[in-house]
Structures are given as C-alpha cells and as structure tokens.
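Asker: Let me begin by handing over the structure; questions about it come next.
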Amino acid sequence: MDWLQFFFLHPVSLYQGAAFPFALLFNYLCITESFPTRARYLFLLAGGGVLALAAMGPYALLIFIPALCAVAMISSLSPQEVHGLTFFFQMGWQTLCHLGLHYKEYYLCEPPPVRFYITLSSLMLLTQRVTSLSLDISEGKVEAAWRGTRSRSSLCEHLWDALPYISYLLFFPALLGGSLCSFQRFQACVQRPRSLYPSISFWALTWRGLQILGLECLKVALRRVVSAGAGLDDCQRLECIYIMWSTAGLFKLTYYSHWILDDSLLHAAGFGSEAGQRPGEERYVPDVDIWTLETTHRISLFARQWNRSTAQWLKRLVFQRSRRWPVLQTFAFSAWWHGLHPGQVFGFLCWSVMVKADYLIHTFANGCIRSWPLRLLYRSLTWAHTQIIIAYVMLAVEGRSFSSLCRLCCSYNSIFPVTYCLLLFLLARRKHKCN
C-alpha cells in the first residue's frame, strides 16, 4: 500500500486521474457525428473550469483572471504589440503569486495550502500557453483576433471569436500538467474531421500505466534506501555522493511518473496521438525520454531532453531572441519562471555554467581522443560526471531554501561542479589564445 498511498493519493495525480473518464468521453464524442466544433471548444473549456475549481478551490481565480485578461489583450491588440504586453502582464502576475508564496514560507514561516501549490504549477503552464500563443500571433503563424476592422460586430460574435483562445488556455487535459501544445496543434485537433479523429488505443494507455507502476515501485524501494541513510549534514566524502545521487533519483522517478500520467491524459483526449495527423500539422512532443536522460554523457543534451516541450519553449522564447549570453539568459529566465527561490537561482545559474563547460570539454576531447578504448573510458567518466552534476543541480533546485542550499554547497559534492568550472576557465583561456 506504500506506493499506492504515495502516488495515487498525491493531489495532482488524483485530479488527473479523475479527469481521465472525461478525456475518454471527449475522444468518443469527437468520433460521433453529432459533436460540432463549437461544442468541442465548450466541452474543453467547461472541463477546465470545473477541474480548476475542484483542484484549486478559491485560488482558481488566480488562473481565470490572467486567462481572461490574456484573451482580452489578444482580441484588442495588434499582432505587432500583442507579445510584449501579454508577456509582461503574465510574468508580472505569476511573479506576484510567487512572491505571495515567498511571504508565506519565509516571512510567516507557515506552510502554504496544497491548493496554492497546485495553482502556482497550473499558472506556470498557463504562462507557457499564453506566451506561445502571443509569439505565434506576432510571427504570423496564427491569425490574430484583432478586431480593428470589425468594430461593429456584436458582443456575441466577439465571444464566439474568442472561444478558441480561452478554450486553449484552460482546456482540462493540459490544465494541471502535460506537454506544451501549441495553439495551431490544439486547433487542428479540435477541428479534425470525425473520420480523421484517432480512436482510443487502450494498449498504449495500458503500456503507460505499466510504466507508471514500475516507476512507482522503484520509487518506493529508493525512498527506503534514502530514509535509511544519513543526510548531507552527517555524510562523509563518497557517502555524500551516494546520498545526493539516490535523493536526486527519487526526484527524477517522481517527475517521470507524473509526466507519463500527463501524457496519458492528453492521449486519452486525442491531443497526443499522431494518428489522423494532417500533412504539415505540428508533431506532438512528449516531455520525457527516460532512455536518453539516463544514458547521455552530455549535460547539454540532458538540458534539451529534460521536460522537452518546456526546453523547446525556453529556446524559442529566450535563447533564439538573445543577442548576448543566450545560455545564461535562458537559465536565468527559467529561474524567474520557477519562482526565484534561492536554491532555484543558484541551481539554474550553475546549470548554465555546466552546459557552457560541457560544450568546450567535449569539443576539446573529440579532437584529442582517437582510440576506441580511451573513447569508451572517456564516455563512461563523463556519463558518471553528468549524472552527478545533474543530481547536484536537482537538489539545489528542489531544496529551494537558503539553508538547504548551504548544506549542499558545504558538502563533498561541490567538488564536481567546481571541477567543471576550472575546466571551463582553462579551456576558454586556451580557446581565446588560439583565436
């Protein structure tokens, strides 16, 4: 009963599981002939509203208000100015909510309600959809809802025109978790003809359920190992590495199981399947590729594959638009988006330095190491170093507080990121001399 109690009674998992029958019902209704497009939008929107109220209670207003404001700005602003204003409004709103969490945790020293944590997580996902949509409009990929030429349209027509946008921002399969779905893909899936709508693959859902079950069993076993060992305060040398690695493994298993559950909900509703996809339609990007994450010896590849849709969103929103220090700016924005806790700021900035060092180290090694035995040894050592550094970053980010960060930095584990920092300095200096 240990893993059942830990996973299925987790609030987000519980609400995601409760939404599953409605996702299957939506998929079934889309296959029938009597479910028009507007009814599909309304079903997804109503489901999102009910799920938000059930999961967040009164805090659901923190989701509804920015979603309605975003639709109002999208409907009234020109494509040239829509992204800048919606971005600053959405990030400003999210930052205020995170400051409320800081005030509760650090000033009042009170644990915030679980519903507030769920709301903040959903708000971060809403920020992804709002900024993705505003970017699509500013880049001309999506037709703007700007009504400058139709100012005499009735209120009812304005509301029907805004329905796809508000439905996209609040549709229930992605409200509490899941891979970022672009507005183009969302609209294509909702408007897909009955003949092209993918049927429910119970084998695919069963396989995902078995994956979740296996991950939860591993998590139970690993949690017992972690609870039986010493903490970072009492560990010594190699024991610190083992404690850090096992604790980070517990975090990773939790993320993997939740991402697979979120992916299953999107598939059940018909938003995650490639079946029935039209030519030119955007492909679905799942958040997790466990094999790549656990076998890669490149920190930079891990960064691109960890929570893949979010990594692609950050690349588009920040990295590709930055003229100087794009890696640093991307990770700094990620720390802002996550809430600017001390551990998060340190963790993401440390990660950015590790990615930069990773590029230089592997570029240098690829030019020097020729024989396959040395390459095998090099790959093994860099794989171990990558896993340890990722574990270090993960403990910093998940620990969040300044006291947890101090314990981590004062432990024996800090020797590994310091080693990469020294290699970065030496290789950057060598590269500068060669140039």
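One is the number of the first residue shown, and numbering goes on along the chain from there.
Cβ coordinates come from backbone N, Cα and C, glycine included.
Annotated active site per Swiss-Prot: N307, H338, in sequence order, evidence recorded as similarity to another entry. Among the features that Swiss-Prot reports, topological domain 'Lumenal' is placed at 1-5, 102-120, 228-240, 398-407, with the record citing a curator's inference. Residues or ranges marked as topological domain 'Cytoplasmic' by Swiss-Prot: 27-40, 77-82, 137-206, 262-324, 358-376, 429-435. The transmembrane segment annotation in Swiss-Prot covers 6-26, 41-56, 60-76, 83-101, 121-136, 207-227, 241-261, 325-338, 341-357, 377-397, 408-428.
Could you give the neighbours, burial and distances for every feature on this list?
Answerer: Taking a C-beta cut-off of under 8 Å and a sequence gap of six or more, N307 (active site) has these contacts in its own chain: Y255, W259, D287, V288. DSSP classifies N307 (active site) as coil under the three-state reduction.
The number of other CB atoms found within 10 A of the CB of H338 (active site), across every protein chain shown, is 18. The DSSP secondary structure for H338 (active site) is helix.
The average pLDDT computed over the topological domain 'Lumenal' (1-5) stands at 40.
In terms of DSSP helix, strand and coil, the topological domain 'Cytoplasmic' (137-206) has 37 helix, 0 strand, 33 coil.
Assigned with DSSP, the residues of the topological domain 'Cytoplasmic' (262-324) fall into helix, strand and coil as follows: 34 helix, 0 strand, 29 coil.
Sequence-distant contacts of the topological domain 'Lumenal' (398-407) (same chain, six or more residues past either end, CB-CB distance under 8 Å): 105-106, 231-233, 251, 341-344, 346.
Within the chain, the transmembrane segment (41-56) has long-range Cβ neighbours (under 8 A, six or more residues past its boundaries) at 11-12, 15, 18-19, 22, 26, 29, 62-64, 115, 118-119, 122, 163-164, 166-167, 170-173, 175-176, 190.
Long-range contacts of the transmembrane segment (60-76) within the same chain, counting only residues at least 6 positions beyond its ends with a Cβ under 8 Å from a Cβ of the stretch, are 49, 52-53, 82, 85-86, 89-90, 93-94, 97, 119, 122-123, 126, 130, 133-134, 137, 144-147, 158, 161-162, 165-166, 169-170.
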Asker: At a threshold of under 8 Å on Cβ distances, which of 6-26, 83-101, 121-136, 207-227, 377-397 pairs most often with the transmembrane segment (341-357)?
Answerer: 377-397
Asker: Where, among 83-101, 121-136, 241-261, 325-338, do we find the most CB pairs under 8 A to the transmembrane segment (408-428)?
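Answerer: By the under-8 Å Cβ criterion, the transmembrane segment (408-428) pairs most with 241-261.
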Asker: Sort out the residues at least 6 away from either end of the transmembrane segment (241-261), same chain, that have Cβ-Cβ distances under 8 Å to it, and list them.
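Answerer: 7, 12-13, 16-17, 177, 208, 211-212, 215-216, 218-219, 222-223, 225-226, 229-232, 235, 286-288, 290, 293, 307, 387-388, 390-392, 394-395, 398, 408, 411-413.
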Asker: In the same chain, who gets a Cβ under 8 Å from the transmembrane segment (6-26) while lying at least 6 residues past its ends?
Answerer: 40, 43-44, 47, 51, 54-55, 114-115, 118, 121, 172-173, 176-177, 200, 212, 216, 219-220, 223, 257-258, 261-262, 264-266, 268-270
Asker: Give the one range among 83-101, 207-227, 377-397 whose Cβ atoms make the most pairs under 8 Å with those of the transmembrane segment (325-338).
Answerer: 83-101
Asker: Can you tell me which parts of the same chain pack against the transmembrane segment (377-397), counting only residues 6+ beyond its ends and a CB-CB cutoff under 8 A?
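Answerer: That would be 241, 244-245, 247-249, 251-252, 295-299, 302, 338, 343-344, 346-348, 350-351, 354, 358, 361-362, 365, 369, 404-405, 408, 413-414, 416-417, 419-420.
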Asker: Determine how many residues of the topological domain 'Lumenal' (398-407) DSSP places in helix, in strand and in coil.
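Answerer: Its residues fall into 8 helix, 0 strand, 2 coil.
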